[in-house]
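Everything on this sheet refers to the single structure shown next.
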Amino acid sequence: MSTISRQQYADLFGPTTGDKIRLGDTSLFVSIEKDLRTYGDEAVYGGGKTLRDGMGMDNELTSIGGAPDLLITNVTIIDAVLGVIKADVGIKDGRICGIGKAGNPSTMPGVTPSLAVGPATDAISGEHLILTAGGIDAHVHMISPQQAEAALSNGITTLFGGGLGPTDGTNGTTITSGTWNLEMMMRSFDALPINVGLLGKGNSSGMKPIVEQIEAGAAGLKVHEDWGSTVGAIRTSLEAADEYDVQVAIHTDTLNEGGFVENTIAAFDGRTIHTYHTEGAGGGHAPDIIRVASYSNVLPSSTNPTLPFGINSQAELFDMTMVCHNLNPKVATDVAFAESRVRPETIAAENVLHDMGVISIISSDSQAMGRVGESWARSIQTADAMKQGRGKLPEDNADDDNFRVLRYVAKITINPAIAQGISHLVGSVEVGKFADLVLWEPAFFGAKPKFVIKGGMIAWSLMGDPNASLPTPQPVIYRPMYGAFASALHKTCITFASQAGVANGIAERYGLQRLVEPVRNTRAITKNDMVRNAHTPHIEVNPETFAVMVDGVHATVAPIRSVSLGQLYFFS
């Protein structure tokens, strides 16, 4: 048997078990935990390589016979469910069909049956790439359709939220109010190459206005303080959600007019709810909304403008709040409202609670204090900042950061998918799931993806001058690919809706051409279902200093002065 050095092997086939990969310019390193391929029989595309007729490709295998449509070879997978592994990944009919060893079973041992390669199979060389699930942003103000382009450019493939363009209501709240608006927004998203789920308005003490939105296809409900986050509205929306199996997201009452955090928690009555702005900087009971993160029925999230906590966070947030919530800087009470939300102490605690796995989800709050194209970047930046500010996590090995990285990856992939009832289709790199996948060069991990695959087709990609002699000449920018056009888009993108809406035939009634899939299993889940982010410690907030105590320990970290994945990667 011939042998080669580990360095030569990595040059040819990429890293393998025990090898480490640095993520971008961060201090984070991941180590490959296991390799599912067979050494010496790697499936490699190209001139003189193994995926040729009669070698690594079975010349008798047809598409009908099971050959994958697309194979990603020798790729490093970073996935909150699978861990950090090396494998070939196959896609067929828009779904992940296999993860393991690809090739020709007639000439290669150990080929995974669903990864037998035939003439019908195309290939992406993943030897020096990282594969993740597409990101899921569960807090989107749908202010402009161009958000889809910005989101895809940072590896986000699913948007959950609401709105109907740049209305003041949309600028302030993630809600698509009413049946006609829901229909029109679903019709509009039919042409955008990204998955979507729309949230109806839950701000009603009466049941009928809520029910009609769910039956019109709302994939969830949103209760927002700008429309009145009253105890009555909370209770009614949760009752409707329990009946129809949709999730409720809430932005609580900053001014404590309708009650304090204790009253809101009592209104939850142990029922599952997704709390937006759990840290409070984006809104919610001042100063102690962060306490809800200690309850098992609460699925807590926070948004990317306060992640990671930096020296400019406080100044930036004040102006954001004034603009987004229709406040007047000439009115003293409006200024006081904004100032009550921007508390460096609770922002610092938010970062620590993310690192501890107490806050489970990271989202954007797009164009309404947050940036839809930065959730992956902010997640990895925060992981890096916390490593530098807090040191190694006890769960991590001495020479890698696998647990910490996977904890943060979970916050923007599988956990929002579980919270919104779509994890049976998206959110992880698992066989049978919709092939929403992102490929990254390690040097650009979290900042700039190389390819974004939607439903098995490349929909978004870095691409050079289309008139050039190669794909690589400048200007290399993000461009829509074939998966983002015409009816291919309809077969590779999903509109998520309530089960009641799907049963009511909204696809036909609204003339939707995209896939329409129901959300499910949103009511029986708890914090314990949040992958790698299920911690429920006791949390207290000092009402005078705003210091946050977690199991009696002050949860704080100094604001960072410089950030990874920053100006080295982006002009500013």
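Each residue's number is its place along the chain shown, starting with 1.
Placement of Cβ uses the backbone N, Cα and C atoms for every residue, glycine included.
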Candidate sharing the Ni(2+) 2 site with LYS222, HIS251 (per Swiss-Prot), from HIS274, HIS277: HIS277
Field: Candidate from ASP355, ASP365, ASP384, ASP396 that Swiss-Prot assigns to the same Ni(2+) 1 site as HIS139, HIS141, LYS222
entry: ASP365
- prompt: So what sits near ASP365 (Ni(2+) 1 binding site) in its own chain, CB-to-CB under 8 Å and at least six residues off in sequence?
  reply: HIS139, VAL140, HIS141, TYR276, HIS277, GLY282, THR303, ASN304, PRO305
Query: Do any residues at least six apart in sequence from LYS222 (Ni(2+) 1 binding site), in the same chain, have a Cβ closer than 8 Å to its Cβ, and if so which, in order?
result: GLY161, GLY162, THR173, THR174, ILE175, LEU199, GLY200, LYS201, GLY202, VAL248, ALA249, ILE250, HIS251
- line: Rounding to whole Å, the Cα atoms of HIS325 (active site, proton donor) and HIS224 (substrate binding site) are apart by 11
Statement: By the 10 Å Cβ-neighbour count, the most surrounded of the recorded positions HIS139, HIS224, HIS277, HIS325 is HIS139
